[in-house]
Amino acid sequence: MDKVKHSKIIILGSGPAGYTAAIYAARANLDPFLITGTNKGGQLMNTNEIENWPGDYNKISGSELMNRMYKHAIELKTKVICDTVISVNFKKNPFFLIGENNKYTADSVIIATGANPRYLGLQSESLFKGKGVSTCAVCDGFFYKNKEVAVVGGGNTAIEETLYLSNFVKKVHLIHRGINFRAEKILLDRLEKKIKSQKIIIYLNSIVKNILGNSSGVTALLIEQKNSKEKTESKIQVSGLFVAIGYTPNTNIFVNKLKMKDGYIQVTRQEHGNYTQTSIPGIFAAGDVIDHVYRQAITSSASGCMAALDSERYINSLV
């Protein structure tokens, strides 16, 4: 490893939250480092078309949007470092970080390492990712207008995705491995109304065995349903599959270092600034590591902006 590299602000993560934080920190003349991590560009790199980014009504790919953010950050003199931080020491300032390639110190750290959606683990799932298999109905649902789709999951996210899709797709097939949904009652009440309208078909005690398709994308699912005495297999014709079985925040290295809940970093959300401060002053968090509800590119960018402003205020207080 080279000698220790120091920056006033080090940003961990290269998704919308990380790059937005870098842009704001650079404009404040804080000369930020942005350490990309292994998942460069974040989840958006797997999104073929984005139709809800303000100002880009002609659609934009996730990779194109992230490339724009990268160029913007570079133009403002952000130092983008291709490394992955594997260990941190937040006990005293300057904070100490160890990467696979270098060691770093910083007066303030912004954690924007994101979260990864959980998948079913099928080989065919990887084959059709971005070609019919998605983890975000708000991002990709509109492409299936007047088509039949399936949703897998049994919690709040799965029910919310199902209800959202049912507003414009032809039919939603909701597949759940259990016999009872884990969602809130208000969501289940809405689901019941949609079922009566025959917009949603429920498959309980069921799992997806295989995803079928061709070069154009997904065409059908092979599902297995467990009855009291036997298992039966059936095929349903769909154009898309939305996997909604949860997310895993990329926060393992912060366990026992920061206050967390279910893997998500807890922030103070104070009324007058420090909305993104973690349990340690000077350490801030943004994007999907703090958000298990909205998970949109624009909300991640917004929290990245707030984290940079909070971090700037903290650094100024050290002078």
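One is the number of the first residue shown, and numbering goes on along the chain from there.
Glycine too: its Cβ is placed from the backbone N, Cα and C atoms.
Reviewing Cys82, Cys136, the cysteine that Swiss-Prot connects to Cys139 via a disulfide bond turns out to be Cys136. Between the recorded positions Cys136, Val289, Val289 has the most other Cβ atoms inside 10 Å of its own Cβ, all protein chains included. Proximity to Cys136 (disulfide bond), defined by a C-alpha to C-alpha distance within 10 angstroms, is shown by the following binding-site residues from Asn39, Gly42, Arg295: Arg295.
Its own atom aside, the Cβ of His292 (FAD binding site) has 17 Cβ atoms within 10 angstroms in the protein chains shown. Each of the binding-site residues Thr36, Asn39 was scored by the other Cβ atoms within 10 Å of its Cβ; the lowest score goes to Asn39.
Considering other CB atoms within 10 Å as the measure, the emptiest surroundings among the recorded positions Gly42, Cys139 are those of Cys139.
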